[in-house]
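Asks: There's a structure below that I have some questions on.
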Amino acid sequence: MGRRAKNKQGAPPPLREDTNFTKSAKRKAADIDDNQGNVKRSPKKHKSAQAHENGLSNGKEKKKGNQGKENKKGKGKGKGKGKVGNPDDSDDSLGWEDVEDDEDLQAHAASLFNDPADDEDMAALDDEFVGLEDDFDKEIDAPEDSEGSGGDEEAAVDDSSETKTKSKTVRLKDGIKENSVDHADEEGDEDEDENRERFMLPTSEQKEEEKKQGGPDIQEVQLRMQMCAKVLGDFKRYGDKSRSEYVEQLISDIASYYGYNEFLAEKLFHLFPVDEAIEFFEANEVPRPVTIRTNTLRARRRDLAQALINRGVNLEPIGKWTNVGLQVFESPVPIGATPEYLAGHYMLQAASSFLPVIALSPSPNERVLDMASAPGGKTTYISALMQNTGVVFANDSNKARVKSLSANIHRLGCKNVVVCSYDGREFPKVIGGFDRVLLDAPCSGTGVISKDSSVKINKTERDFTLLSHLQKQLILCAIDSVDPSSATGGYVVYSTCSVTVDENEAVVDYALKKRPNVKLVDTGLEFGREGYTNYRGKTFNAKLNLTRRFYPHAHNMDGFFVAKFKVEKKTKQSISMAGKDTIVEATNEEVASGHMNFDSDEDKNIINEAKRKQLKAKGYRVQPRQPTAAAAAPVSRPFHLLQRKADKQTAVKPHAAQIPKVNRQQRLPTQAPSG
Ligand SMILES: C[S@@+](CC[C@H](N)C(=O)[O-])C[C@H]1O[C@@H](n2cnc3c(N)ncnc32)[C@H](O)[C@@H]1O
């Protein structure tokens, strides 16, 4: 094997569209309470305890793959010690561990797929692979290895054996014949039919039994998932129960297999067609490529690449869509502590995190607001694109995170940045009139599960309600902070590292409704999928197709969403459609309880009220308020306050035609009658 290939870490798939992750036979376990009283399995425990339970050795577990077949051609990188740290971007830092030593790297490299360009090496690797495959077979019934389960190296080997896992046979239970799981498609229809005929959804008694035994057998679950997916893929032909029963079973199995709570598994499952959903869940088990962004304030990409190559770093440009990104395959030195890093020549930054800034496209000498900016991956990129001119207000409400933001700004030599720490909802009161605003909103992180797997079990429905509400408030403030008369800009970019519709399309759609003076424009991003215009019975603004979605399984980058708005001057029409004071602010109690209403009836009243106020302010005569259901409802307010409110409401410019004629005798006495 050539030296380069030997030292080269399994290259992650190139950052291009439509990278196919095929389903792998990965097993998960470890008991985790999913907050709903159910016990789920997580990958860690599975690798030790579950393997033991099933009489499988760690060796076998180690060799289980979790990436697509493509990885054999030099793709894929395990969560191994040969990973590079990301001290810059704590959001993006999880899973970016430092390379510890050469030995680890070599062990790691030996276990991974090597340079596809080198045929000789590939052939040698294939041989090695066959050997591993034999070992795998032997280890199936071997006793559990006492060490090393769940370690980083284990994960590294994980990836290397992907192709092997793909071709493994899985022993099906209860006398069903051995079936090559991943080659099922290649076998004749007859075989498939035979298996499908025998596939039965578990009865409720069987499910009860499974629960009693601490969850279903993992191979059973795996098989069931495949079968459910196939039945759902051609339901007319294979379905013999209702579609929803198969869907329900599949979601439940996905949740236990990949270690999600059922609520989140279902939420994510519905984003995709069945087969693709499984690819998505599978891709969340695989770390994304390690990428860095050249800080053009301090270095040129070519010089930086050369300097790092001289240190033994194996890297390549990410792709044509970025001229500052580099993908790091392997590094003998911690990539977060090289002299170049310390001198601010680059930022460790996930590729997806470049996208909102590319969409924002700031120009020199502009005024830009980065509303939720810590730890500064995007701020420092904005600053660099502005060539240290103009001004970037880098805001974040979290004071602790502002420290790392400041540190990054200093290290990268950004001199045009003002750091501040306000709740984003205080803008534009704090300061407004920006040429561009980036709102990289706080979100659930469902796009970065491969970095933070805690998301799998710690997100509940209430979290999504609260987040979506906060995002809606922030986006209106972001829009209102833009100067619509900006000569060079007038744009807002909204992004999240989440893939849920509540946090993306629903937020953008809300902003379009509330601010008729903004419209969606092309993000300028060369790839990514169109945002939803319809989703599960909800219809969004047709222009939502201009927004972009990015997925781990499709683009080999973190799940991300990007929308770009152009803010235009308010016209009379837009003012009358929605006044500035139509922001629906949740009370603290509402936020705390999670019961916030964004129902359109309520919004309609607020909009009507705003219209009235605006017309009145312009001296127009306005019709008296129509009593609404809300107004008619009893209010538990002290009488004197009600009185005052009523006074206020009727304190309009008197106009003869509006003042009802009141018979003096009908008026209540203001003083007790004397005598
Ligand atoms: C997705 S992270 C931002 C990452 C950052 N843009 C970057 O590229 O490094 C979201 C940030 O929003 C901040 N945040 C949460 N609520 C906020 C609020 N109400 N106002 C401003 N910032 C907020 C969090 O502290 C967090 O740093």
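Cβ coordinates come from backbone N, Cα and C, glycine included.
Because TrEMBL annotations are produced automatically, they should be read as predictions rather than curated entries.
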Asks: The S-adenosyl-L-methionine site in TrEMBL includes A372, S373, A374, P375, G376, G377, K378, D396, D440. Which of D423, D452 is also listed there?
Replies: D423
Asks: In whole Å, note down how far the CA of C497 (active site, nucleophile) lies from the CA of D423 (S-adenosyl-L-methionine binding site).
Replies: 20
Asks: I want to check the contact list for A374 (S-adenosyl-L-methionine binding site): same chain, sequence separation of six or more, C-beta distance under 8 angstroms. What comes out?
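Replies: Within the chain, A374 (S-adenosyl-L-methionine binding site) has Cβ neighbours under 8 Å at A394, D396, N398, R401, V402, S404, L405.
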Asks: Just to verify: the residue among A372, C497 with the fewest other Cβ atoms within 10 Å, which of the recorded positions is it?
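Replies: If we count Cβ atoms within 10 Å for the recorded positions A372, C497, the smallest count is at A372.
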Asks: In DSSP terms, helix, strand or coil for K378 (S-adenosyl-L-methionine binding site)?
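Replies: Going by the DSSP assignment, K378 (S-adenosyl-L-methionine binding site) falls within a helical segment, counted as helix.
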Asks: Count the other Cβ atoms sitting within 10 Å of the Cβ of K378 (S-adenosyl-L-methionine binding site), across every protein chain shown.
Replies: 27
Asks: Highest Cβ count within 10 Å among the binding-site residues G376, D423: which residue is it?
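Replies: For the binding-site residues G376, D423, the Cβ with the most other Cβ atoms within 10 Å is G376.
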Asks: Could you state the whole-number distance in Å separating the C-alpha atoms of K378 (S-adenosyl-L-methionine binding site) and C497 (active site, nucleophile)?
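Replies: One finds 13 Å between the Cα atoms of these residues.
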Asks: According to DSSP, which kind of secondary structure is D423 (S-adenosyl-L-methionine binding site) found in, if we only use helix, strand and coil?
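Replies: Coil, per DSSP.
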